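Asker: What follows is a single structure, and I will ask about it in a moment.
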Amino acid sequence: MWPNISAAPFLLTGFPGLETAHHWISIPFFAVYVSVLFGNGTLLYLIKNDNTLHEPMYYFLAMLAGTDLMVTLTTMPTVMGVLWLNHREMSHGACFLQAYCIHSLSIVESGILLAMAYDRFIAIRSPLKYTSILTNTRVVKLGMGAFMRAFICIVPVIVRLFSFPYCHSHVLSHAFCLHQEIMKLACADITFNRLYPVILISLIVFSDFFIILFSYILILKTVVGIASGKERAKALNTCISHLGCVLIFYVTVIGLSFIHRFGENVPQAVHIVMSYVYFLFPPLMNPVIYSIKTKQIQYGIRRLLSKHTIES
């Protein structure tokens, strides 16, 4: 049975016990959101308009930045709505759609990081074949594959949310909707919704991580065999930015997964903080890491700044 449209809406929650300070808490949150939008938006603008960045490595980086922007734009309206306006009500359909986007985009990010590892693997192991292997068509296919894999595999658990009756409390513990919270409010057998995400994370996210790890073992083996110390350093330097993004993403994913699965006795404040760290820290840090460690991005920023200075 599908839920009646008149069913009580879900109630989002900011920071329990700190409701009177929500306006103050909103200041750093707004600053982080603006930084994420500015940082990733700048990367997309640079890659689109700078011909020197029209290479597979930067196309994948643009996909990563785009994914981070979508994650941010998915959570930002409800988070700021709760903190600024105390707007807590959210309809079932809107809540399920937000959960679908949040979880799908998380898997997309894992897929993009895997594609970026493949890019670095080809660039270092087979540099002479790099352009012939990673053609624009193949880059697009890899990107589309990452998006389709994620948005298709999340469908089963989200569809089942529509069929559940919700007779428990309608209060969620975050300012956005997550599948693992919504299903606990259902008055139905949620065995499938409990098991499917665990299998999904094991088969997709963790397998992505181990494939990335294995690819870097092979990359390191190749780099060690390079005779010139300067060339070894140059090869490794092209991987540092990607490695930083991989560590930030998977550490937060694993940390949040363990807390949700095995943290019944962990204070609710830890659950809330870890969720915000997971959704805000990687999108905030990814453009920072690439701007600091990638010379081509630095040159692009300088050219952009000098262009605007001349025009003004």
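The backbone N, Cα and C atoms fix where each Cβ goes, and this holds for glycine too.
Not measured: the values here are computed from a predicted model.
Here's the feature list from TrEMBL:
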TRANSMEM  24-46  transmembrane segment
DOMAIN    39-290  domain 'G-protein coupled receptors family 1 profile'
TRANSMEM  58-85  transmembrane segment
TRANSMEM  97-118  transmembrane segment
TRANSMEM  139-162  transmembrane segment
TRANSMEM  195-219  transmembrane segment
TRANSMEM  240-260  transmembrane segment
TRANSMEM  272-292  transmembrane segment
Asker: Okay, the transmembrane segment (272-292) and the transmembrane segment (24-46): do they have at least three CB pairs under 8 Å, pairs separated by 6 or more?
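Answerer: Answer yes: the transmembrane segment (24-46) meets the transmembrane segment (272-292) with 3 or more Cβ pairs below 8 Å.
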Asker: Between the stretches 97-118, 195-219, 240-260, 272-292, which wins on the count of C-beta pairs under 8 angstroms to the transmembrane segment (139-162)?
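Answerer: Selected stretch: 97-118, with the most Cβ pairs under 8 Å.
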Asker: State, in range form, which of 97-118, 195-219, 272-292 has the highest count of Cβ pairs under 8 Å to the transmembrane segment (240-260).
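Answerer: That would be 272-292.
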Asker: Checking distant contacts: for the transmembrane segment (97-118), what same-chain residues at least six beyond its ends satisfy Cβ-Cβ under 8 A?
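Answerer: Hits for the transmembrane segment (97-118): 57, 60-61, 63-64, 67-68, 70-71, 74-75, 78, 90, 142-143, 145-147, 149-151, 153-155, 158, 161, 176-179, 182, 200, 204-205, 208-209, 211-212, 215-216, 242, 245-246, 249, 253, 279, 282.
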Asker: Which whole-number mean pLDDT does the model give the domain 'G-protein coupled receptors family 1 profile' (39-290)?
Answerer: 90
